[in-house]
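Sequence annotations record features per position, and here TrEMBL assigns domain 'Phosphagen kinase N-terminal' to B:45-131. Per TrEMBL, the feature domain 'Phosphagen kinase C-terminal' maps to B:158-400. Taken from TrEMBL, the feature ATP binding site covers B:161-165, B:HIS224, B:ARG269, B:325-329, B:353-358.
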Amino acid sequence: MAKNCHNDYKMKFSLDDEYPDLSLHNNHMAKVLNKEIYGKLRGKSTPSGFTLDDVIQTGVDNPGHPFIMTVGCVAGDEESYEVFKDLLDPVISDRHGGYKPTDKHKTDLNFENLKGGDDLDPNYVLSSRVRTGRSIKGFTLPPHNSRGERRAIEKLSIEALSSLEGEFKGKYYPLTGMTDAEQEQLIADHFLFDKPVSPLLTCAGMARDWPDGRGIWHNDNKTFLVWVNEEDHLRVISMQKGGNMKEVFRRFCVGLQKIEEIFKKHNHGFMWNEHLGYILTCPSNLGTGLRGGVHVKLPKLSTHAKFEEILTRLRLQKRGTGGVDTASVGGVFDISNADRLGSSEVYQVQLVVDGVKLMVEMEKKLEKGESIDGMIPAQK
Amino acid sequence: MASSFTRLISGRNKAILLAGLGAGTMATGFLLSESGSLSAEAKTKLYPPSSDYPDLRKHNNCMASALTPAIYAKLRDKVTPNNWTLDQSIQTGVDNPGHPFIKTVGCVAGDEESYEVFSDLFTPVIIDRHNGYDPKTMKHPTDLDASKITNGIFDENYVLSSRVRTGRSIRGLSLPPACSRAERREVERVVVTALAGLKGDLAGRYYSLGDMTEQEQQQLIDDHFLFDKPVSPLLTCAFMARDWPDARGIWHNNEKTFLIWINEEDHTRVISMEKGGNMKRVFERFCRGLKQVEHLIQERGWEFMWNENLGYILTCPSNLGTGLRAGVHVRLPKLSKDARFSKILDNLRLQKRGTGGVDTAATGDTFDISNNDRLGKSEVELVQLLVDGVNYLIDCEKKLEKGQDIKVPAPVPQFKK
């Protein structure tokens, strides 16, 4: 059911009285929103009942961090990106390097287009992983969907995933009613996701009715994993130990395409358009929604004065091995692509493959006490 | 609004018409082969109440006990005049299954009308929570005449402090789970303007949460006055922390004995307190202050939410009626170790909490003892129950000190049949 759908009632209050106090805020929404835009959009609503206040609530409630720029707004359905474009287009532009409302996004899930990626040194690269998200047409998104919709998404996902075969044959574990043994195994495999505690997510309404309709599916080989109804309808993850990113990406592309075929047969394809690519809940994940990365040992390079600059030039980002918002442990970093929108999946994974290969070579040079000044790359 | 909508909905007019005709799966298939999400109206038809009924099998709160699939089906598509829905009322109870030992309420009102529009849920919840009080048939007495209190001064060898609190809602404005920023700011304006009219021992000033200086903040913390952004999921899942700290603040009199919280869990929480055992004076100031605030808002055309069945209307059904919690911090080293302590409290209609308030444990031998009940008895009756009860507890403590035996008192009568 629509949340906060008393928009017509709110319209009787003045713009000034309703306009949020964003004076202490530092997120993309707060930088873009002004009274003019608020005035223009406050009376609107998507067909399913999502409003501007719904879009921005998470950004109002979470002023942000002085160093990390959060997005501060979410979509409640596919139409949000259209109805609230006066806010979301500039947010998208800020977040995605100047992406314009007229730009077109390229989708390329043809794994054969990736060059190399099967020879990252496993002495340094401990594991490789590619993840993305997918939203299912005809349903509203996690900030907005009702229990009925969420359950329908789960049901459809189970049907689609249970029909997979071969290397993709697997099993679904609903969060409701999971046994202790199953739970411990999923934790040990690093597969289990928990009820969101981050206020960025809870203030956007994404944890409602937990754990109803949520679950985890993975293949028997434990190399292909799907999260159902967490921050997006689906999060799809391909992973394995070692440095064979080529294989990880192949499995990612093949698995995704198989899943998409099945959803399409049920008249529920994935949300996608040629401007924004794959439509996801958070504007930061538009385009490919892809984060391809490795856990890599870079104890020397990571303390080098030019480490941050090298990452920036390679269009890569670092995180701790616990994922976003964690610190690195023992010189091991999670290195992944920074971009999502405006370049294809193949292009983004290629950046990771080439960039990590270069950084491992730099690490080896530093181990020998040699300089890496000649190896600093140009801005990609 | 019109121009962007025509672009969006022109291709779906037919689909929505078909859904409106109740064409079932055929319409569904057609709708879903169109480009986007269902309209809110179409969704109502496609998802019957049974598909939305929450999974409450692991739940232990008043809402989960009362909400049958039939009641849910009846109420799901209703809205209050402010467009508040059942799903919004129960969200906190769905998200917080509860504790096996403590039964939480699990639903909130978004406005005054919620208690009427969703009375098929709220009435059984109220009966359950308030020991058999039935708002459909019973009337709640309001009595703020503090002069009626007898024996209201406690032995200060035992009672360290005395306090009375309640809440008040401003009629015509939505409650904290539902209010927009404009409504919340209006509550703040109405109340702060009224409080500026208080004089004498009640004169004081307002500290807005967003604007206070660090010094002011520290002082309010030291005085135990400052309230913080709610962290309890019982409140956050009920949407009460939205837009924090916008339009939230604390007002207190210069003597620091009369305090008002604005826009926390209710529009206002009104607190009278002082060190020592003079509960009579605390209650007298409480009543006087409340009446003056009410008068001041009435001068400007506002009033408190109240009706003769539910008494004062507050966000949580547990606070209906008087919304009153009168309590003391009291030392009971011997009695608290006696096996009969809990039973004595029960029979006296009292509850114990730690000195940090609800959900805290007692430290040492000092307890927060207060009245259990809120609805069906007047303010004077409840404070008198507290006074008589605390005097009884102190008496027990003194007897145990002298090595004498104590008795468990007869239970105070309730409404349960």
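Numbering starts at 1 and runs along the chain as it is shown here.
A Cβ is built for glycine as well, from the same backbone N, Cα and C atoms used for every other residue.
A TrEMBL annotation is a machine prediction, not a hand-curated record.
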Using a 10 Å radius on the Cβ of B:SER161 (ATP binding site), the other Cβ atoms enclosed count 20
For B:VAL164 (ATP binding site), the nonlocal same-chain Cβ neighbours (under 8 Å, six or more residues apart) come out as B:ILE271, B:SER272, B:MET273, B:MET279, B:VAL282, B:PHE283, B:PHE286, B:LEU324, B:ARG325, B:ALA326, B:GLY327, B:VAL383
DSSP composition of the domain 'Phosphagen kinase N-terminal' (B:45-131), residue counts helix/strand/coil, works out to 43 helix, 4 strand, 40 coil
Going by C-beta under 8 A and a gap of 6 or more residues, the same-chain neighbours of B:ARG269 (ATP binding site) are B:ARG165, B:THR166, B:GLY167, B:ILE260, B:TRP261
Comparing local Cβ density (other Cβ atoms within 10 Å) for the binding-site residues B:GLY327, B:ARG353 points to B:GLY327
For the domain 'Phosphagen kinase N-terminal' (B:45-131), the averaged pLDDT of the predicted model is 95
